[in-house]
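Trainee: Pulled the feature table from TrEMBL, pasting it below:
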type	residues	note
REGION	A:1-21	region 'Disordered'
TRANSMEM	A:59-80	transmembrane segment
TRANSMEM	A:100-119	transmembrane segment
TRANSMEM	A:168-184	transmembrane segment
DOMAIN	A:246-336	domain 'Rieske'
Amino acid sequence: MSSHTESHNEVPDRLSSQEREEGAVIVAEDPFADPGMPPHEHRIQDIDERAAKRSERTVALLFVVSMLATVGFIVSYALIPIDQITYIWPFGDVSALNFALGSTLGTALFCLGAGAVHWSRTLMSDVELVGERHPVEASPEVKAQVLEDFAKGAEESQIGRRTLVRRTLYGALALVPLSGLVLLRDLGPAPGDKLFHTAWEPGSLLINENTMQPLRPEDITTGSLTHAMPEGLDFHDHDFHAQIAKAAIMLVRIEPEDIKDQQSADWGHEGILAYSKICTHIGCPAVLYEQQTHHALCPCHQSTFDLADGARVLFGPAGHPLPQLRITVNDDGFLEALGDFEEPPGPSFWERG
Amino acid sequence: MKKLSARRRHPLAALVVLIFALAATGGLYAVLAPAGEAKADASAQSLAIEEGQKLYAVGCSSCHGSGGQGTSDGPTLVGVGAAAVDFQVATGRMPLQQPGPQAPVKPNIYTQAEIDQLAAYVASLGPGPAVPEPSQYNPAEGNSAKGGELFRTNCSGCHNFTGQGGALTHGKIAPNLHDVDPKQIYQAMLTGPANMPSFPDGVMPEQEKKDIIAWLEATNSEAAPSLGGFSLGGYGPVSEGLFAWTFGIGSLVAAAVWVGARTAKARKS
């Protein structure tokens with residue numbers, strides 16, 4: 001360390017003549033002349049060994065704090081119970097373990113970085129260096145040499161004479177990329193008509209998502225909102241999310257005289273209407289149902305659907321009404337679907353039109 | 001006796017006889033009629049309904065109609081039940097101060113006894129949900145983990161996934177559920193105040209309502225610990241992203257500028 005700072009102490013004398021030369025360049029004819037480099041100014045640490053020692057100690061202190069914080073992290077992890085809640089101003093009641101781990105790890109990383117920054121700002125050399133640019137083009141001699149070497153290499157490899165080698169090489173090079181093309185097959189298979197069909201089938205019972213029991217019409221009162229899914233879906237199925245993403249519905253009951261769309265009323269049962277809850281814009285759940293206005297709002301882009309009027313789009317970027325599921329009551333008194341949605345639920349796609 | 005018989009043709013004799021007859025009939029009825037507990041309750045109930053009707057006439061009838069039938073300014077109250085009245089009046093939402101997109105919460109000016117009378121009157125207009133018993137909404141009996149799932153399915157669309165509330169259409173809002181009385185949460189789910197849909201016991205049984213209340217109590221109340229420290233309002237990725245990008249990245253940029261800035265120079269010698 002001492003030799004390092006000593007060399008810094010020599011720097012002023014070594015550089016001063018060069019600096020003065022650069023700083024003194026004046027071309028009177030050119031008003032936009034390059035002023036050259038400003039004279040280098042030295043830091044206190046460059047000329048005062050005691051200041052340099054102080055900086056060294058500061059950097060070392062930061063590194064030691066970082067070490068202690070890391071030890072603190074390990075100790076906190078070992079000693080603090082995971083469910084201990086402590087009041088810490090100004091955060092309020094927080095998990096003591098989370099707080100200790102975060103603050104010690106944060107201190108360790110911060111002090112490591114701060115030490116490195118302080119080191120570079122006060123002790124490492126800060127002399128300005130000039131890197132001159134060179135022309136990009138190679139010199140004619142180098143170009144001639146490269147071309148000559150290439151021609152010589154081609155000659156020595158006998159690629160011009162050995163036609164069998166040349167042609168099989170071309171063939172091999174041409175075939176190699178086919179491996180990549182074959183792998184593109186994994187991008188498929190194309191969805192086919194999957195987007196047009198959901199898990200709803202004729203006779204599917206409507207399962208209440210809260211209780212997982214089939215719904216009866218008398219469960220659904222006017223002004224209520226019920227989330228339902230087709231029977232046969234199980235949360236543990238590997239494709240459950242793929243299925244529910246298309247099949248999820250919401251059930252509302254609207255007084256029959258308030259339903260403006262006759263087809264919508266006919267597709268329901270005594271005012272119980274089953275709509276897909278997947279927004280036709282980009283597929284958020286449009287379940288912000290206002291029971292007095294019968295509007296369903298999508299939280300993502302505020303598309304608003306009038307559930308009393310066939311889920312007509314009142315506002316927002318959605319391009320289609322929410323598809324309605326045709327429902328009826330079976331002989332046992334449970335609600336059941338009469339079939340799949342007439343239109344594919346969810347956002348538009350190319351083939352949907 | 002002679003005296004009495006002498007006055008039998010007095011002009012007021014018929015009146016006196018009538019008074020005696022009425023008193024005897026009334027007295028006999030009072031003695032012989034079945035006077036049980038039920039009758040005492042019924043009379044207390046009818047008294048509450050009577051008192052409630054008076055309060056109703058003063059505070060509610062201008063919008064909801066003289067008999068709760070509703071007007072162009074307010075919906076009918078037939079069949080809304082006592083729970084709806086208890087919720088609306090105890091939270092100060094009703095009576096409405098002025099027309100607007102949604103009734104705001106304000107200080108309640110009625111005593112609990114008056115609210116009970118109002119509720120009794122409105123409940124007498126038509127059958128509806130009754131005010132729940134404390135055992136029905138006791139958070140200690142709920143499963144908060146199940147409640148969280150139910151909340152995300154049924155409630156989070158409007159009330160945000162941590163119950164912070166959110167905006168609806170045309171100035172309507174879904175309120176923040178922070179520290180709301182469990183009884184009022186239960187009543188709101190049961191009755192569906194204003195534009196909130198209701199969640200009747202048929203589709204969300206009592207135990208599930210209790211689970212949701214337990215979850216709200218565990219995550220969004222004064223007693224709930226904030227495990228991570230600053231929650232930034234719990235509004236989700238938008239506010240958190242805004243904070244990270246402006247303050248987090250901003251302070252990193254400032255630090256980078258400072259690191260690369262001119263260091264302190266010794267005085268020129």
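Backbone N, Cα and C define each Cβ position, glycine as well.
Because TrEMBL annotations are produced automatically, they should be read as predictions rather than curated entries.
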Trainee: On average, what pLDDT score does this prediction assign to the domain 'Rieske' (A:246-336)?
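Mentor: Per the prediction, mean pLDDT sits at 94 for the domain 'Rieske' (A:246-336).
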Trainee: For the domain 'Rieske' (A:246-336), jot down how many residues DSSP puts in helix, in strand and in coil.
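Mentor: Summed by class, the stretch gives 14 helix, 33 strand, 44 coil.
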Trainee: Which sequence-distant residues neighbour the transmembrane segment (A:59-80)? Criterion: at least 6 residues beyond either end, Cβ under 8 Å.
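Mentor: Result: 96-97, 100-101, 104-105, 107-112, 114-115, 118-119, 122-123.
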